[in-house]
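The domain 'PX' annotation in TrEMBL covers 14-126. Here TrEMBL flags 88-443 as domain 'Protein kinase'. TrEMBL lists 439-448, 457-469 with the feature compositional bias 'Basic residues'. Sequence annotations record features per position, and here TrEMBL assigns region 'Disordered' to 439-578. According to TrEMBL, the feature compositional bias 'Low complexity' maps to 483-514. According to TrEMBL, the compositional bias 'Pro residues' annotation covers 515-542. Here TrEMBL flags 543-571 as compositional bias 'Polar residues'. Annotated domain 'WH2' per TrEMBL: 548-567, in sequence order.
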């Protein structure tokens, strides 16, 4: 069975770089132990979440596996007596949550296999070392001249990529590295184009690209063989590490943090920018630049793993640049990753946060000026500079390159078109992921602002004002209703006085008698209509009925009998006798 004949394997195209978050929701005591119910979420979508149940012993096993990193992790200590008390369980739950927060936010720990299996056992149940051995053994059946010396266990950060130290049978002293990788979520090339493109890597010749001895791919994975370098990668140089040691041991907690010399920074930076420019001009997507993907050959930097983008593997720094919508092309991704690499070369460690607010003292102000145009908040908002612009900056413009090897990398036109379409698909998925992250960040900020103490105080003050205003308005409404009812009563009492046809009722009490109303004036003859004019007629003002009624009611209520004048009445009704 040849390597090209795909072996059976349960395949899931999962992006391993999407961060996992974990929140302990509850705890339950069962007999002599306590179980913690944990909600795990992949990415920003709450729908992509699940529950797991873990005991303290599971946390302890995980912590033992991570001790190789030599990091001091905040796992709560064991307790044999009183470990079932309610107060102790609540306190331990807080400590375990703090432990989960540390390992899920640490860039290297969060991507290692033991952490992924602890949080998502269903997605990471496959033993990729065994699958890799199956593929490698099939390869040896068709290529018997190769032989495995030893597996290089966990020297890389990828879960689905394995390494083996190799040799050629007739050249036993020469050492090579075989890397096997599963296909990733960004694999958009057809199987035929993928196999052709991977084979093409061995024909690539460039002074700053590490030589590929052999490369082959099928419809599920790829296998690449390169010369082994005892000197290691640029990351090994920065961290003073041994190339064969596990990734966690080499890079998680370096004993000494020290950057490179200024001349090394300038030379290595210029060489890396030159090869990025070459790949961009060829239309060959990369997107996987970091210091462990740069091999050192003497004083020359050479790029590794050109096959990663062909296989659809996600980038080491994807969880960083997927937060910023202006980094939406593979060229922009390469420049952003170069900023991480330059920071690491300068300070001997990765940046604490992205974006970087301020930079420590550097060997040259020109280093800081390059970092500022890539890693600051302003750079994230405005977008990444081009590789050509970086090459023109003072830090790299005066570097003399002595290597005279002529680059050779012929990519057929048909494959170029396929690579272009693949690149566009990779960028589209990145843009969609950035959009989701942006929406989630806006929602989180709104919820945080709404739940802040200051906002709560503002809402309380507004509620009080609204309550007072509604009470005041209801009082005014009640007064208006009372006034209207009085006005209605007043208008009913005065109607006999204002009606010219109704007689005045007799007074029943002297104190409240009302004088008879004077007779209405005689109607005057109608005046002739005024002559027409061009000016428009102004509407006559309407009397305010409520005001006149109120005045009449007031005059009735204030009436005093003593103010009336005394009159003499001549009674002529008696009969006169002459």
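Note that the numbers count up from 1, one per residue, in the order the chain is shown.
Glycine residues also receive a Cβ, built from the backbone N, Cα and C atoms like all the rest.
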Close approaches to the compositional bias 'Basic residues' (457-469) from elsewhere in its chain (Cβ under 8 angstroms; 6 or more beyond its ends): none
Beyond the flanks of the compositional bias 'Basic residues' (439-448) by 6 or more, those residues with Cβ under 8 Å of it: 44-45, 323
Predicted model, mean pLDDT over the domain 'PX' (14-126): 93
